[in-house]
Structures are given as C-alpha cells and as structure tokens.
Amino acid sequence: MTLLPPVPGFDADTARPPIGATRPMGDPSAEPFGERSSLLDGLNPQQREAVTYRGPALLILAGAGSGKTRVLTHRIAGLLAAREAWPSQILAITFTNKAAAEMRERIAGIVGQASDGMWVSTFHSACVRILRREAEAFGFTSSFTIYDSADSKALVRRIVKQSEADVLGFTVGGVQSRISKLKNELIDPDGFARQSNASDPRDAMFLEMYRRYVRELQRANAFDFDDLIGQTVWLFRAFPDIAAKYQRRFRHVLVDEYQDTNHAQYALIRELTRGVEPQHVPADTRMEVDATGGIPGASLTVVGDSDQSIYAFRGADIRNITEFERDFPSARVIMLEQNYRSTGNILDAANAVIRNNFDRHDKKLWSADGPGTKITGFTGYSGHDEAQFVADEIHALHDSGVSFRDMAVFYRTNAQTRALEEILIRSAVPYRLIGGTKFYERAEIKDLLAYLMTTANPADELSTRRILNSPKRGLGPATETALWDYAQKHDVTFREAMRRASELGFGPKATRSITELAKLLDEASAALQPQPGGGPGATVGETVQRLVQGSAYLEALMKTGNPQDEARAENVEEFVNVAKEYDKTHPDGSLVEFLTEVALVAAADEIDDESGAVSLMTLHTAKGLEYDAVFITGVEEDLLPHRISAGEPGGPAEERRLFYVGITRARKRLYLTLAMSRAQFGETAVAMPSRFLQEIPGELIEWRQSPGDVTSRGGSRPRALNATGAWQGGDGGGRRPVGSEGYGTAGGYSRVTMRPSEASGGAASATPTSGAARGAPKRSWGNAITGAVRDNSGLVLERGDRIRHTDFGEGTVRAILGSEAKRIAEVDFDSAGRKKLLIKLAPIEKV
DNA sequence: TGCCGATTCATTTTT
DNA sequence: TGAATCGGCA
C-alpha cells in the first residue's frame, strides 16, 4: 500500500507571501534561473519557457514522452528556489498518489527541505483534506466515511429494491452511473428536477431514488467518490469565507493530465483560482492586493494532451483543455512535441494511428533518436496461444538483458487477464497484476473495513448493516429490517437501534447477538479517544485486533474447513499485519486517515518499482507510465476498439486514443498481438484484426505471424484485409489449408512461414528469441495451447529427462533452475522449441 | 435462518 | 466462465 505523508499542520492565515512575491512577474531572466541554471540544463527551448513563464495562466500541451513531469517539477522547484512562493502556497494535482509521491520526491531532490508543506496530491486526496477540515460547517463530521463504488452500489441496490424501480426497467448499475454522471456535472436532485419531465414516471422515479441516495449518504455521514469533488465545490460556493481561506493560501495551482478532468474538477479549479474579494482579505494581510483591495487569483498551470484523453466515460471533458484559452483569455500556450522516450518507429506508428482522429490540432511527436527496432506483430490462434507468445518473448527479452520490471503487458479488458495469467504462471514468468480485483475489494477485507468504518463513524449505516451478520450471528434480513424500521420510526441511527435491541422484542439469542456486537463496536469507538487516564487512543493495529478478536471473524473462517475460507483467513491475517505496519510507519496516524488512504489507492499506486516482475494492466491504468518493452494484447475488433464504444458518440475516437496511449508507453520494443479466436464467457468467438492495425504503415511492423498466416477454416482471409492488402506477406503462409502438415496433432508452435526477405534479414537477427524455434519443422495447428495446469509438486526432474507436455509434445530437459516450489525446467521441445516451465504447475509428465 | 442446487446474468475502461 | 441471485427445503 502506498501511504501518504502525514498531513502537515495547516493554517491559511499564517501562510505569508515570501519576500520575492512582489517581483514583477513574467520576467524569465530574473535571477533564479541565472544563478540556478541547473534547473534549465538539458531542457529544450519550449521546456525552458514552460518552466520560466510567469503569468496568470499557462497551458502546456505536452505530447506523450515530452518530459512534462520534468517541466512541472522544475517549474515548482523554480518557484521555491527563487522564493517566489512558499511551499504551502503550492497546490499540485496529479492523477495518482504514486505520481504525487514521485513529484514530491523529485522536487525535494532539487530544493531539499524547502519543499515541505506543499500539497501534491490527487484531486480526491486534496478534497478529502479540505472536507475533513471543513465538514462541520455543513452537517458532516470530520470522521466521515468514503464510500467506494462497491459501497455506493450496495446503497443504490437497496434503494432500487425498496422503490421497486426494477419494474420500470431500472438496473442498479444504470442508476448508479446516472447519479455519478449528474454529480460530475454538479447537478443535484433539485437541478435534475428542473431539467427533467415530472410527468414521466421514469424520471419521477429516478428523481426519488436520487434524492434518497443523497439523503442516505448525508445520514450516514459519508461521501462517495464523486461527492469528494462535488461537495468541495458546493462548500466553496456556499461559504465564500471558507473558499477565501484556500484562495489566499494557494497562489500557484498546477494540474497534470488536465485533459481528463471532468466538469466538477474544472469547477473546483476555477473556485480555487478565483481572486479574493476585498471583504475576505484580512486587514493585516501582507499579501499583494489589487486596486479594489482584493487579492488576485492564483496562477494556474495545466498540462495535458488531448490525444491522451481516455476518461470521457467517467465525465472527463476534452473541452476543458480545448477551450482553456477561452476560459483564461490571457493564457499562454506552449507545445512540447519532442519526444524523449520512444524510438522513431514507435513514434511513427503512434502518429499514424492518432492522425485518424480528425477533430484535433495537428501535432506530431518527433524524436532525435534513430528508428530503433521494428514493431513486432503476432497473431495467435487463441488467447492462450497469444499469451504463450508473450510469455516466450518475455523470456527471450529477459535472456537478452531486459529486466522483468521493465516490461509490461497491456490489455483492454480485465477479462483478458485469465488466459495471460494461466500461461504466465506455468511458463514461470514473474508478473504482477496492477488493478483488477484488488486486495481491498475482497469480501473479507471489505468486511473488516466495514468494522473499522462503523467504529470510526458510528453513523455509517451501510457499513454497520454489512457486518451485522458476518461472521454469522443468526441475524438475517428479518432482524435487519426490524432494526432499520425501528431506527426510522424513532429517528435514531441504526447503531442506536442495535443498542436498544432488548426493547425490540427479538428472541433471546438474537437480542444477545445484537447487544454484544453493539457493545464491541461502542467499546472500539471509545478506545479511539484519548483515554481518561491520560493514555493515548487505540492505534489502528490495536483497533483491528480488538475487532477481529471480539467478532471472532478469523475463528469463523478457520473452522469451516473450506479451502477458500483458508485463503480468506490468510487475507484477514495479512490485513491485520498491514494495520500494524501502518502504526509503525505513521506513529501519529489515525484510523480515519488510514481508511482514507485505503479508499483512495489507485491501481497505479500499487506498482512497486523494485519488484522484479512484469506488470500486467489495462490500457487505462497504463497512462502516465513507461516501459522498455510493451506488449499490447488483444488488438482485435470488438475488443480494441471495444464493441460497446461503437454506439457512443466519440467512442471510436476515444478507443483510438487509448491505443495511442498504449503505443506511446514503449521506449524500445513494442509488440502488438492478437488472436483469431477468443474465449468470451464460455463460448469461443471468432476475432478479427483491429482496424487500428491497418492505420500503422506496414513497413513499421514485422509480423512473426501475421493475421494472414493463421486464417483457418478454408483459408479465406478477412475481407477487410483482402481489400487493402494491408498484410505484408501477400499470400505468405496464410492460405495454407488447415489440416495439412501435422496440424492438430501434438502440436507445438513454431514461427510460421515468413517471406524469404523477412526470413533472411529481419526477424531472426533483429529480435532476441530463444532461438530454438528456428529450424523447427513448419507446422500449423489449431487452438493447441490450452492453458492446462497440473499439480506436479512431487515431480522430480533432472537434466536429460524426457518429458511430455500437453501442448508442446515431447522434449528433453536441458536445465533445472530455481528451487523448491519455484523450480523451473528449461526444456528443448522436439517441435515447439525451447521453453521455460514451472515444474509445479506445467502440464507435463515424465516419459 | 441457512444451505444447497439451479438458474440466470453480464462482462469497458476507474478515482 | 464464474459471480450473483433465487427458490425450495431442512
């Protein structure tokens, strides 16, 4: 878990302007960059200007890999080094906590301690900090709970059920996303009422549910993700004096990934950078005031690239960037187009793809470096086959000196990870899944978190109800409803209703269960406070321990004998350790802070740069990251672009940007892979190469196995490809009738026929391969790679042993690497080439 | 109340 | 394919 630094003390009115603040702005030749020219060393002219420009608004259009992080950090470091700003006057917004931590570190690396007190965080974290301070002003407490999407979904589910809205065709997901969209547009229930048609029963029903949802959150003293932004904006608008506090404090606001901000975030930025009205300026201020006695708005720097806007689905509005100059008429615009990341071929491909989006400024990335290696293309028969290629290639790259952590595999949908994981595991590729179902999303962990949430925030009904019967206490839906009815009728919280269980006429068993639970929670809540004897309140670790023991949660899991529950018990134990660890790393941390962090971890925050593992993630998660070698998998129609995007306005263009983002993550090696058939929920469906592939000039891609090579079932190639002749290789090996030459037998895969020209020059020499496949007999086959695994823990292999593999046929063990459970066999297969296999899991047996 | 099997359902991307 | 919900029975 990535942990945020402790929240520094904050009092806006003690934040005084630095001596240098009255220096005329917009004079880049002022001494900071004279004496500290190191800040500008190695920057190109555009980057220099982006670092030194001073003025109210600056838009940096930064193409992928153009060094924008460097520009941002140097810009901030410059402000600090020249004493133009105190650290506390700087607010920098990044997309992930990890990016924030990195930026903070890099700035500290330049100016040292002078950077303490800056706010460098995500939109969400920054808003939580503000809301925790100001919550009391508008009916919340500072220990409010943050509901993640699963929590809010649970709440919506209950509301939909109670309103019997499903008969009108409402789905939980639909209602949830509609509410989220409205919140991102800052439209509250009243606003919706105004714009909707009251006589339409569906609108009326939705309005009622929206109102209830908002009311329930308020009652539970909770915010959902969208509220964190929206409520902050609302707070600023409703309480100008509170807004003024932050407007006075933050004199320099910088926003990264501006193309992915939604309307609420845009509004937040506008509120923060608004000038302070004279009546909100303290009489004794030492800040610069204008003619009317007000304080001018903070300077705003935004960095973005409209070609990398990939979050329109969650409300991101490209107009925020395209209309920046309209919103801030005096804005300066600087373009960064030189790319320092990728090789020429990769950039050419990226440019060629993105050029097909017509509604964009023409912008072209260029590099001073050479073209580099060609892009490698591969078409598998199935998702497993594709995954096997990825696994083999990862080993080959690793053998040629690329470390695992410098490689990444991207995919469009999380569902694609299954085949990838199966193959990577048995091929002994160390990998790490970024995102997907996270540790904190597991049911047992969510249960523990719910215990903690209700301890920290007793008003949190949703969390309380979640744990009412877990572990099983014999308190079913009937009891829950009775408690809820009582709470409603007497206008008390659910927790209070639990305390009064004896008045509700439950059976003795239920009554005792409820009272005990209420007592446990109340005691845990009380223990959080500083103790009367003068002792400090309970730590996070202590609280977790108390709750786990008091609820017998772990015990219940351990005695079921169910192997899945064993895994759950392990997770519980791990969570206890995480909590204890938090105590150590955050001696002053509170339970509320711990819960905040857990709620706001982003997928990309999980990346551990030290781990020696290949990273697997969705294309969305990949934004902002870079790797030496990148595999983009599933480059197929209906997957990338995804089928659902076709129906949405701007959908296909957004998919193209997503592909563009993926391509531009690669520094040196890029692989584009696809499969001719893909398993999707049980059935196997035929897949077609993505239209995006044809947008890349043929000479940039070297196909190890092109779509033409693997068309099966009678050999006719997809129409689209015939029409354009896009696949170099002409008739290549593609039309070889299926069923010839050993097809379908024990199989093995080989690099299918190449054109003579390719075979002589390109593939073999230009790319590191394990080599063994070369010279193997030509062979075509069906969906031979199965992803089968087997428990081989007892199998002992030695060099020279003959083995048989379900997919690769027979082979000879060449070497044994690793030890114990991680023993790896390096095997020369007779027809499939050399592979590394995890002995414990690979589907092999001794012959 | 809780457990079991049966059935149905949905699978884009995420702070 | 697998998660999630449903209905019937103990």
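Backbone N, Cα and C atoms are what each Cβ position is placed from, and that goes for glycine too.
Noted in TrEMBL for the protein shown:
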BINDING   A:ALA62, A:GLY63, A:ALA64, A:GLY65, A:SER66, A:GLY67, A:LYS68, A:THR69  ATP binding site
COMPBIAS  A:727-747  compositional bias 'Gly residues'
COMPBIAS  A:755-775  compositional bias 'Low complexity'
DOMAIN    A:41-343  domain 'UvrD-like helicase ATP-binding'
DOMAIN    A:344-624  domain 'UvrD-like helicase C-terminal'
REGION    A:1-35  region 'Disordered'
REGION    A:707-784  region 'Disordered'
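Look at A:THR69 (ATP binding site): DSSP puts it in a helix. Report note: the ATP site is defined by A:ALA62, A:GLY63, A:ALA64, A:GLY65, A:SER66, A:GLY67, A:LYS68, A:THR69, and the residues of the same chain whose CB lies within 8 Å of the CB centroid of those residues, excluding them, are A:ASP305, A:LEU336, A:ASN339, A:TYR340, A:ARG341. A C-beta separation below 8 Å, combined with a sequence spacing of at least six in one chain, links A:GLY65 (ATP binding site) to A:ASN339, A:TYR340, A:ARG341, A:SER342, A:LEU365, A:GLU626, A:THR664.
With a 10 A radius on its CB, A:ALA62 (ATP binding site) counts 26 other CB atoms from all the protein chains.
Taking the binding-site residues A:GLY63, A:GLY67 in turn, the residue surrounded by the fewest other Cβ atoms inside 10 Å of its Cβ turns out to be A:GLY67.
Its Cβ placed at the centre, A:THR69 (ATP binding site) has 17 other Cβ atoms within 10 Å. Taken together, the residues in the domain 'UvrD-like helicase ATP-binding' (A:41-343) have a mean pLDDT of 87 on the 0 to 100 scale. Within 10 Å of the C-beta of A:SER66 (ATP binding site) there are 25 other C-beta atoms, taking all protein chains into account.
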